Amino acid sequence: MLVQYFIKQLTKVNIPTIERNQCIHFRSRKKGCKKCKEVCPTKSIDIGEKNIRIDENLCVGCGSCEAICPSQAISQREDKKQKALQMGKEVESLIIGCQEGHNKGNALFSCLNGLHPEYIAAFLLMFKKKKVYFNISGCNKCKVHRDCSLFTANLERAKRFINAFEDIDNAVVMGEEEKLPIGIEKEMSRRDFITMLKKESTNATVKFIQQQNNRKKNTVSYHRWLFLEIIDRLSFPETKIIPKEVSLFTGWQVNSECDGCGFCQAICPREAWSCTKDKDHISITNDVTKCTSCNLCFDLCPQQAIMKEDFSFIQFKGAVEKRKLPLASCRQCEKSFVEKKDNNGLCSSCNKREAIKNNIG
């Protein structure tokens, strides 16, 4: 029963879904974002006043919108990504191709431009002892995207990130099909994949459902979940430091200008920031496993208190305290607040009232 349901899901058209509450365009009209609309090759995305609509008659499911979304608010069904992982375990030469550009391979995606850099990084790390060939021979003739510039940019980002902590050089971009290694004929078709599922029906299906439930609970994308799984499995030292210029993940610091207003927590589309208050302090924490580096907090912090720093692997463990702010008591209303040098012992509300009185006087 579970396998039949799973198979039915795989046969649907792979139209992306967009989580409106995670979309930067709707979380901040001041900053705005239309990257998905701009990258869409078929003009199937329409951004309205209150919602984003995908025209299913125009969408070809290339996934470029998912790959470019800064807040990872866009997702697609994951069967092709899972098939590629399974194929990687079974073949000696792993050849990644695509359907839109008619690029042959034993693991096929709709379009290589739809591969997120986190997925590429996870893929290369998972099969670091194998050569992974990316067939782009037909991309310049593709009627959908006409090039693979987004893919090549994301591949380079993934490689720079990996090379900062691991000596791996297993990605090979092939521009000529005739130079591809032998073994391309072994492609896992949908029928092969379904057969594989039937053989491992209980384990594969139950594990899949558990993973989906866990990811929904933790509000992370599939490529983020996969990357974190690979990092955890490979057990890299927590002391690893990645320069911010090449990291796929952002290290954050909070400077002394922070007043504990909680704006970062409110604006973050992934609930990566948290501001918790007790009797004496406000604690500011950030969870990099949720953060997508969308930069809303960095760009819009009222105090400009959020700064970027090099990324440390210890942050993959979860929430890290970035600043602890002592609380004072307002000398006028006795409300607790974060005291600054220029607020004269008054909270922001009382300071505003005093300013109004002085202006009237």
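For all residues, glycine too, the Cβ spot is worked out from N, Cα and C.
Remember, predicted model here, so these are calculated numbers, not experimental data.
Feature list (source: TrEMBL):
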DOMAIN    50-79  domain '4Fe-4S ferredoxin-type'
DOMAIN    250-278  domain '4Fe-4S ferredoxin-type'
DOMAIN    282-311  domain '4Fe-4S ferredoxin-type'
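Residues of the same chain lying 6 or more positions beyond the ends of the domain '4Fe-4S ferredoxin-type' (282-311) and with a Cβ under 8 Å from any Cβ of it are 24, 27-28, 30-31, 70-72, 218-220, 224, 228, 241-244, 247-261, 263-264, 267-276, 318-325, 327, 338.
Residues 21-24, 27-28, 71-73, 219-220, 244, 284-288, 290-294, 296-298, 300-312, 315, 319, 322-323, 325, 327, 337-338, 340, 348 of the same chain lie 6 or more positions beyond the ends of the domain '4Fe-4S ferredoxin-type' (250-278) yet place their CB under 8 Å from a CB of it. Helix first, then strand, then coil: DSSP counts for the domain '4Fe-4S ferredoxin-type' (50-79) stand at 6 helix, 5 strand, 19 coil.
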